[in-house]
Amino acid sequence: MKKTAIALLAWFVSSASLAATPWQKITHPVPGAAQSIGSFANGCIIGADTLPVQSDNYQVMRTDQRRYFGHPDLVMFIQRLSHQAQQRGLGTVLIGDMGMPAGGRFNGGHASHQTGLDVDIFLQLPKTRWSQAQLLRPQALDLVSRDGKHVVPSRWSSDIASLIKLAAQDNDVTRIFVNPAIKQQLCLDAGNDRDWLRKVRPWFQHRAHMHVRLRCPADSLECEDQPLPPPGDGCGAELQSWFEPPKPGTTKPEKKTPPPLPPSCQALLDEHVL
(Lines of atoms letter the chains of each structure in order from A and count residues from 1; the text may use other names and numbers.)
(Lines give C-alpha, C1' and ligand atoms only; values in the text may rest on other atoms or scores of the structure.)
Protein backbone atom coordinates (compact mmCIF):
# COMPACT_ATOMS: atom_id res chain seq x y z
CA MET A 1 0.00 0.00 0.00
CA LYS A 2 2.87 2.37 0.77
CA LYS A 3 4.32 1.92 -2.73
CA THR A 4 0.91 2.65 -4.23
CA ALA A 5 0.54 5.80 -2.14
CA ILE A 6 3.95 7.00 -3.26
CA ALA A 7 3.04 6.32 -6.87
CA LEU A 8 -0.19 8.27 -6.49
CA LEU A 9 1.62 11.23 -4.99
CA ALA A 10 4.19 11.11 -7.77
CA TRP A 11 1.41 11.11 -10.35
CA PHE A 12 -0.12 14.25 -8.85
CA VAL A 13 3.16 16.19 -8.75
CA SER A 14 5.09 14.79 -11.71
CA SER A 15 3.75 17.24 -14.25
CA ALA A 16 5.63 20.11 -12.64
CA SER A 17 8.96 18.65 -13.75
CA LEU A 18 8.07 18.05 -17.42
CA ALA A 19 8.66 20.38 -20.33
CA ALA A 20 6.09 23.15 -20.65
CA THR A 21 3.58 23.20 -23.49
CA PRO A 22 2.73 26.41 -25.38
CA TRP A 23 -0.54 26.58 -23.48
CA GLN A 24 1.29 27.11 -20.21
CA LYS A 25 2.68 30.36 -21.57
CA ILE A 26 -0.83 31.82 -21.50
CA THR A 27 -1.09 33.02 -17.92
CA HIS A 28 -4.55 34.62 -17.95
CA PRO A 29 -7.89 33.68 -19.50
CA VAL A 30 -8.43 34.85 -23.07
CA PRO A 31 -11.04 37.66 -23.03
CA GLY A 32 -14.38 37.00 -24.65
CA ALA A 33 -17.67 35.22 -24.16
CA ALA A 34 -17.10 31.79 -22.65
CA GLN A 35 -16.57 29.21 -25.40
CA SER A 36 -15.36 25.64 -24.96
CA ILE A 37 -13.76 24.60 -28.25
CA GLY A 38 -12.91 21.15 -29.59
CA SER A 39 -12.89 17.87 -27.71
CA PHE A 40 -12.01 17.18 -24.10
CA ALA A 41 -8.64 15.77 -25.19
CA ASN A 42 -7.92 18.26 -27.98
CA GLY A 43 -9.29 21.71 -27.41
CA CYS A 44 -9.13 25.05 -25.64
CA ILE A 45 -11.35 27.67 -24.04
CA ILE A 46 -12.04 31.37 -24.49
CA GLY A 47 -13.42 33.38 -21.59
CA ALA A 48 -12.55 30.94 -18.82
CA ASP A 49 -13.50 31.80 -15.25
CA THR A 50 -11.16 31.53 -12.28
CA LEU A 51 -12.38 29.33 -9.44
CA PRO A 52 -12.12 31.45 -6.27
CA VAL A 53 -9.51 29.78 -4.08
CA GLN A 54 -11.20 31.01 -0.90
CA SER A 55 -14.40 29.21 0.04
CA ASP A 56 -16.04 27.87 3.18
CA ASN A 57 -17.18 24.76 1.30
CA TYR A 58 -14.11 23.64 -0.66
CA GLN A 59 -10.33 24.02 -0.80
CA VAL A 60 -8.18 24.16 -3.92
CA MET A 61 -5.06 22.01 -4.00
CA ARG A 62 -1.75 22.84 -5.70
CA THR A 63 -2.62 26.45 -6.46
CA ASP A 64 1.01 26.96 -7.48
CA GLN A 65 0.24 24.94 -10.62
CA ARG A 66 -2.48 27.43 -11.68
CA ARG A 67 -4.92 24.82 -12.90
CA TYR A 68 -8.05 26.32 -11.36
CA PHE A 69 -9.62 27.75 -14.53
CA GLY A 70 -12.67 26.52 -16.38
CA HIS A 71 -15.89 27.32 -18.14
CA PRO A 72 -18.29 29.30 -15.92
CA ASP A 73 -20.52 26.21 -15.88
CA LEU A 74 -17.68 24.23 -14.27
CA VAL A 75 -17.05 26.89 -11.63
CA MET A 76 -20.75 26.98 -10.80
CA PHE A 77 -20.88 23.18 -10.61
CA ILE A 78 -18.01 23.08 -8.10
CA GLN A 79 -19.67 25.75 -5.99
CA ARG A 80 -23.00 23.96 -6.19
CA LEU A 81 -21.59 20.52 -5.32
CA SER A 82 -19.48 21.76 -2.42
CA HIS A 83 -22.45 23.70 -1.02
CA GLN A 84 -24.60 20.55 -1.15
CA ALA A 85 -21.83 18.56 0.52
CA GLN A 86 -21.54 21.14 3.28
CA GLN A 87 -25.30 21.19 3.83
CA ARG A 88 -25.23 17.41 4.33
CA GLY A 89 -22.29 17.58 6.73
CA LEU A 90 -20.02 15.55 4.45
CA GLY A 91 -16.93 17.71 4.97
CA THR A 92 -14.72 19.97 2.88
CA VAL A 93 -14.52 19.17 -0.84
CA LEU A 94 -10.93 19.04 -2.11
CA ILE A 95 -10.54 20.40 -5.64
CA GLY A 96 -7.70 19.18 -7.84
CA ASP A 97 -6.90 20.04 -11.44
CA MET A 98 -9.44 21.87 -13.59
CA GLY A 99 -7.74 23.45 -16.60
CA MET A 100 -5.23 26.11 -17.56
CA PRO A 101 -6.24 29.72 -18.32
CA ALA A 102 -6.87 28.98 -22.01
CA GLY A 103 -7.26 25.23 -21.66
CA GLY A 104 -5.13 23.19 -24.02
CA ARG A 105 -2.70 20.35 -23.50
CA PHE A 106 -0.98 19.78 -20.18
CA ASN A 107 2.68 18.83 -19.95
CA GLY A 108 1.75 15.61 -18.16
CA GLY A 109 -0.79 13.88 -15.94
CA HIS A 110 -3.82 14.49 -18.17
CA ALA A 111 -4.89 13.82 -21.72
CA SER A 112 -8.17 15.69 -21.26
CA HIS A 113 -9.01 18.76 -19.10
CA GLN A 114 -8.53 20.90 -22.23
CA THR A 115 -11.88 22.64 -22.74
CA GLY A 116 -12.64 23.88 -19.23
CA LEU A 117 -15.23 21.19 -18.53
CA ASP A 118 -13.25 18.67 -16.43
CA VAL A 119 -12.31 18.68 -12.75
CA ASP A 120 -10.57 16.20 -10.44
CA ILE A 121 -12.00 15.95 -6.93
CA PHE A 122 -10.30 14.02 -4.14
CA LEU A 123 -12.36 11.20 -2.63
CA GLN A 124 -11.73 12.28 0.91
CA LEU A 125 -13.77 14.78 2.90
CA PRO A 126 -11.77 16.24 5.78
CA LYS A 127 -13.79 17.56 8.69
CA THR A 128 -11.05 20.09 9.49
CA ARG A 129 -9.60 22.33 6.83
CA TRP A 130 -6.20 21.51 5.39
CA SER A 131 -3.21 23.77 5.97
CA GLN A 132 -1.55 25.58 3.08
CA ALA A 133 1.33 23.09 3.23
CA GLN A 134 -1.11 20.17 2.91
CA LEU A 135 -2.86 21.82 -0.03
CA LEU A 136 0.39 22.46 -1.89
CA ARG A 137 1.58 18.86 -1.44
CA PRO A 138 -1.62 16.84 -1.03
CA GLN A 139 -1.45 13.28 0.21
CA ALA A 140 -3.74 11.15 -1.93
CA LEU A 141 -5.73 8.54 0.00
CA ASP A 142 -5.70 5.30 -2.00
CA LEU A 143 -9.14 3.74 -1.61
CA VAL A 144 -8.42 0.59 -3.63
CA SER A 145 -6.82 -2.67 -2.51
CA ARG A 146 -3.40 -3.59 -3.83
CA ASP A 147 -4.86 -6.23 -6.17
CA GLY A 148 -7.37 -3.71 -7.51
CA LYS A 149 -10.37 -5.94 -6.86
CA HIS A 150 -12.16 -4.01 -4.13
CA VAL A 151 -12.06 -0.88 -2.01
CA VAL A 152 -10.24 -0.82 1.32
CA PRO A 153 -13.08 -1.06 3.88
CA SER A 154 -11.30 1.08 6.48
CA ARG A 155 -10.94 3.92 3.97
CA TRP A 156 -14.29 3.73 2.23
CA SER A 157 -17.29 5.55 3.66
CA SER A 158 -20.89 6.32 2.82
CA ASP A 159 -19.90 10.01 2.71
CA ILE A 160 -17.64 9.34 -0.27
CA ALA A 161 -20.44 7.47 -2.01
CA SER A 162 -22.79 10.38 -1.27
CA LEU A 163 -20.36 12.88 -2.80
CA ILE A 164 -20.09 10.84 -6.01
CA LYS A 165 -23.87 10.42 -6.15
CA LEU A 166 -24.45 14.16 -5.66
CA ALA A 167 -22.09 14.90 -8.55
CA ALA A 168 -23.70 12.28 -10.79
CA GLN A 169 -27.18 13.66 -10.13
CA ASP A 170 -26.17 17.12 -11.34
CA ASN A 171 -27.80 17.87 -14.69
CA ASP A 172 -24.61 19.38 -16.15
CA VAL A 173 -22.54 16.24 -15.50
CA THR A 174 -22.23 13.62 -18.24
CA ARG A 175 -19.50 11.35 -16.86
CA ILE A 176 -17.60 10.62 -13.67
CA PHE A 177 -14.48 8.48 -13.99
CA VAL A 178 -13.50 6.32 -11.01
CA ASN A 179 -11.48 3.17 -10.46
CA PRO A 180 -13.40 -0.03 -11.34
CA ALA A 181 -13.25 -1.15 -7.69
CA ILE A 182 -14.91 2.10 -6.62
CA LYS A 183 -17.64 1.69 -9.25
CA GLN A 184 -18.15 -1.86 -8.02
CA GLN A 185 -18.64 -0.67 -4.43
CA LEU A 186 -21.12 1.96 -5.57
CA CYS A 187 -23.06 -0.74 -7.41
CA LEU A 188 -23.17 -2.89 -4.29
CA ASP A 189 -24.37 -0.05 -2.06
CA ALA A 190 -26.80 1.75 -4.38
CA GLY A 191 -30.02 -0.09 -3.53
CA ASN A 192 -33.00 0.64 -5.78
CA ASP A 193 -31.97 4.21 -6.69
CA ARG A 194 -29.60 3.38 -9.54
CA ASP A 195 -30.21 5.78 -12.44
CA TRP A 196 -27.25 7.98 -11.47
CA LEU A 197 -24.83 5.03 -11.74
CA ARG A 198 -25.01 5.26 -15.53
CA LYS A 199 -22.79 8.34 -15.42
CA VAL A 200 -20.15 6.71 -13.20
CA ARG A 201 -17.64 5.09 -15.53
CA PRO A 202 -14.81 2.69 -14.58
CA TRP A 203 -11.39 3.82 -15.75
CA PHE A 204 -7.70 3.19 -15.18
CA GLN A 205 -6.09 4.59 -12.00
CA HIS A 206 -8.53 7.04 -10.34
CA ARG A 207 -7.89 5.27 -7.04
CA ALA A 208 -8.05 8.42 -4.91
CA HIS A 209 -10.09 10.91 -6.91
CA MET A 210 -13.03 11.21 -9.25
CA HIS A 211 -12.78 12.96 -12.59
CA VAL A 212 -16.00 14.84 -13.31
CA ARG A 213 -16.86 15.88 -16.86
CA LEU A 214 -19.58 18.33 -17.85
CA ARG A 215 -21.59 18.39 -21.05
CA CYS A 216 -20.78 20.93 -23.74
CA PRO A 217 -22.56 24.23 -23.05
CA ALA A 218 -25.37 24.90 -25.52
CA ASP A 219 -23.77 28.12 -26.72
CA SER A 220 -20.31 26.59 -27.28
CA LEU A 221 -20.94 25.69 -30.90
CA GLU A 222 -17.44 24.32 -31.55
CA CYS A 223 -17.45 22.05 -28.49
CA GLU A 224 -17.48 18.30 -29.21
CA ASP A 225 -19.48 16.20 -26.77
CA GLN A 226 -18.91 12.51 -26.18
CA PRO A 227 -21.72 10.04 -26.88
CA LEU A 228 -23.82 9.37 -23.81
CA PRO A 229 -22.85 6.36 -21.69
CA PRO A 230 -24.63 3.11 -22.58
CA PRO A 231 -28.10 2.65 -21.05
CA GLY A 232 -28.31 0.95 -17.68
CA ASP A 233 -26.37 1.20 -14.44
CA GLY A 234 -23.12 -0.21 -15.87
CA CYS A 235 -22.85 -2.74 -13.05
CA GLY A 236 -22.96 -5.91 -15.14
CA ALA A 237 -20.67 -7.56 -17.66
CA GLU A 238 -18.95 -4.32 -18.69
CA LEU A 239 -17.81 -3.63 -15.14
CA GLN A 240 -16.75 -7.23 -14.53
CA SER A 241 -14.58 -7.15 -17.65
CA TRP A 242 -12.27 -4.72 -15.84
CA PHE A 243 -11.39 -7.41 -13.31
CA GLU A 244 -10.52 -10.10 -15.84
CA PRO A 245 -6.84 -10.83 -16.57
CA PRO A 246 -5.49 -9.38 -19.83
CA LYS A 247 -5.89 -11.66 -22.80
CA PRO A 248 -2.67 -13.34 -24.01
CA GLY A 249 -0.73 -11.14 -26.37
CA THR A 250 -2.35 -7.95 -25.12
CA THR A 251 0.11 -5.06 -25.17
CA LYS A 252 -0.17 -1.46 -24.11
CA PRO A 253 -1.15 0.80 -27.01
CA GLU A 254 1.65 2.91 -28.39
CA LYS A 255 1.62 6.61 -27.66
CA LYS A 256 -0.01 8.45 -30.54
CA THR A 257 1.08 11.77 -31.97
CA PRO A 258 -1.41 14.43 -30.81
CA PRO A 259 -3.91 15.33 -33.55
CA PRO A 260 -3.95 18.80 -35.10
CA LEU A 261 -5.61 21.45 -32.98
CA PRO A 262 -9.06 22.73 -33.92
CA PRO A 263 -8.55 25.79 -36.15
CA SER A 264 -9.93 28.18 -33.52
CA CYS A 265 -7.48 26.84 -30.92
CA GLN A 266 -4.56 27.09 -33.33
CA ALA A 267 -5.55 30.68 -34.11
CA LEU A 268 -5.66 31.40 -30.37
CA LEU A 269 -2.14 30.04 -29.93
CA ASP A 270 -0.90 31.96 -32.96
CA GLU A 271 -2.26 35.20 -31.53
CA HIS A 272 -1.22 34.80 -27.90
CA VAL A 273 1.93 32.66 -27.97
CA LEU A 274 3.52 31.83 -31.31
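Every residue, even glycine, has its Cβ placed from backbone N, Cα and C.
Checking Cys216, Cys223, Cys235 against Swiss-Prot, the residue bonded to Cys187 by a disulphide is Cys235. The record in Swiss-Prot pairs Cys265 in a disulfide bond with Cys44, which is drawn from Cys44, Cys216. It is His113 that, of the binding-site residues His110, His113, His211, has its Cβ surrounded by the most other Cβ atoms within 10 Å. Classification of Cys187 (disulfide bond) by DSSP places it within a helix. Take the Cα of His110 (Zn(2+) 1 binding site) and measure to each of the recorded positions Cys44, His150, Cys187, Cys235: the nearest one is Cys44. Here Asp147 (Zn(2+) 2 binding site) is compared against the recorded positions Cys44, Asp120, Cys235, and the shortest C-alpha distance is to Cys235. Ranking the binding-site residues Asp120, Asp147 by how many other Cβ atoms lie within 10 angstroms of each Cβ puts Asp147 at the bottom.
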